[in-house]
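Visitor: Provided herewith is a single structure, encoded as structure tokens, for subsequent inquiry.
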Amino acid sequence: MEDLRLDALPGVGPVTTKKLSDAGIHNIMDLIVRGPVELAEITGMDKDTAANIVEKARQALVEGGMISKDFVSATEVYKRRQEIGKITTGTECLDLLLDGGLETQGLTEVYGEFGSGKTQFCHTMCVTVQKPKEEGGLDGTVLYIDTENTFRPERIVSIAKAHGMDPEKALDRIMVARAYNSAHQTLILEEASHMIQENNIKLLVVDSAVGLFRAEYLGRGTLSVRQQRLNKFVHLLVRIAETYNCAALATNQVMASPDVFFGDPTRPIGGNVVAHTSTYRIYFKKSGKKRIARMVDSPHHPEQEVIFSLGDAGVIDPDSDTKKKSTKTAKSLKVESADPEINVESKSDSGVDADSKTEDIPEDSE
Ligand code: GTP
Ligand code: MG
């Protein structure tokens with residue numbers, strides 16, 4: 001089914017179409033992404049009407065084979081999962097950690113303290129997603145939501161050059177939106193959904209996903225509101241990734257400060273909202289000049305750590321200068337079999353326990 005226009009839906013005439021597009025809903029996909037509750041909220045239509053329109057949209061997409069039915073056979077789930085694309089990180093070590101690369105149809109959260117390389121990782125993925133499929137990319141474009149004003153085109157140029165790609169083309173294929181407050185950040189994402197298909201966006205970056213929410217909602221009293229709003233944002237991100245088969249990448253700063261007396265000092269600042277929704281969570285940790293990345297509670301990855309570095313090419317393999325000569329296997333990139341000093345340090349203070357996600361902040365229920 002090619003026709004995604006709203007007025008292709010039975011019973012939706014010019015008046016409703018206008019009402020919807022005024023609310024930022026431009027096609028049938030947008031209806032699905034927003035869902036009935038939000039639709040009623042933003043258009044002022046009553047809940048039944050909204051539910052009815054979303055149901056029609058859903059049916060239209062099911063008939064067109066664009067989304068799966070509510071109950072599907074395992075075969076169909078399997079088929080849909082086979083459409084999952086993987087984007088190489090440009091490194092052996094992080095590709096190993098991610099079992100091939102960053103996945104589409106899901107959200108990957110990268111959390112870690114300042115300077116741990118989250119933003120550098122985002123920049124690198126902006127370039128590698130553009131590579132052709134044979135080279136581990138998805139030949140796609142990027143939407144980058146920058147909430148901390150840390151997007152640097154110069155970094156894209158240098159990473160692209162290091163990967164033997166045309167830097168101008170690389171820049172052309174990244175759309176950057178600067179978000180000034182958390183409401184704006186959410187609005188950008190809502191508005192973005194209709195651009196995704198038109199522009200073949202395969203990577204959606206939000207760096208950082210949590211920072212603005214955290215700055216605006218200070219103190220215990222506002223925590224539940226913050227978690228609710230953040231929850232809404234993160235779920236929207238996941239729905240977009242699933243609907244459009246693109247990868248969502250969100251960062252989250254954690255403090256590794258010794259002045260935290262209770263709980264895990266490296267618990268993500270966003271609390272549980274991001275953690276429960278993310279498909280994958282990766283913890284970045286500084287270890288001198290090196291960095292350690294750890295896969296945390298993934299449904300189908302072993303919990304393991306790898307060492308990587310930061311350089312002109314963005315995230316790089318720790319031994320990339322000598323890599324050509326080296327005969328190291330992928331396995332030897334794991335922390336366990338690498339530099340024993342780093343190994344000791346990571347075991348003693350990486351501090352991320354699998355059960356850290358079950359801690360406090362009860363407000364994040366759906
Ligand atoms: P916050 O956003 O503050 O939480 O940190 P972050 O995790 O996003 O850190 P970021 O990705 O900005 O990493 C910063 C580190 O990347 C710096 O300490 C540098 O070591 C490294 N880095 C940044 N740019 C370059 C570069 O051009 N070349 C090299 N070699 N390293 C760089
Ligand atoms: Mg950053």
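Yeah, the Cβs are placed from backbone N, Cα and C, and that goes for glycine too.
The ATP binding site annotation in TrEMBL covers Gly112, Glu113, Phe114, Gly115, Ser116, Gly117, Lys118, Thr119. Annotation comment: TrEMBL describes 344-360 as compositional bias 'Basic and acidic residues'. Summarising the annotation, TrEMBL assigns domain 'RecA family profile 1' to 83-254. The annotation domain 'RecA family profile 2' is assigned in TrEMBL to 259-321. Positions annotated as region 'Disordered' by TrEMBL: 317-366.
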Visitor: Cβ within 8 Å of the ATP site's Cβ centroid: which residues qualify beyond Gly112, Glu113, Phe114, Gly115, Ser116, Gly117, Lys118, Thr119?
Guide: Gln253, Phe284, Lys286
Visitor: With the Cβ under 6 Å from ligand 2 as the test, give me the qualifying entries from the binding-site residues Gly112, Gly115, Lys118, Thr119.
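Guide: Within range of ligand 2: Lys118, Thr119.
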Visitor: Within a 10 Å radius of its Cβ, which of these binding-site residues (Gly112, Gly115, Gly117) has the fewest neighbouring Cβ atoms?
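Guide: Result for the binding-site residues Gly112, Gly115, Gly117: minimum number of other Cβ atoms within 10 Å at Gly115.
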Visitor: Work out the three-state DSSP category of Gly112 (ATP binding site).
Guide: strand
Visitor: Using DSSP reduced to three states, classify Gly117 (ATP binding site) as helix, strand or coil.
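Guide: Where Gly117 (ATP binding site) sits, the three-state DSSP reduction gives coil.
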Visitor: Please list, in sequence order, the residues in the chain of Phe114 (ATP binding site) that are at least six apart in sequence and whose C-beta is under 8 Å away from its C-beta.
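Guide: Residues satisfying the criterion: Gln253.
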Visitor: Using all protein chains shown, find which of the binding-site residues Glu113, Lys118 scores highest when you count other CB atoms within 10 A of its CB.
Guide: Lys118
Visitor: When a 10 Å sphere is centred on the Cβ of Thr119 (ATP binding site), how many other Cβ atoms does it contain?
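Guide: The Cβ of Thr119 (ATP binding site) has 22 Cβ neighbours within 10 Å.
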Visitor: In the predicted model, what is the mean pLDDT computed over the domain 'RecA family profile 2' (259-321)?
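Guide: Taking every residue in the domain 'RecA family profile 2' (259-321) and averaging pLDDT yields 79.
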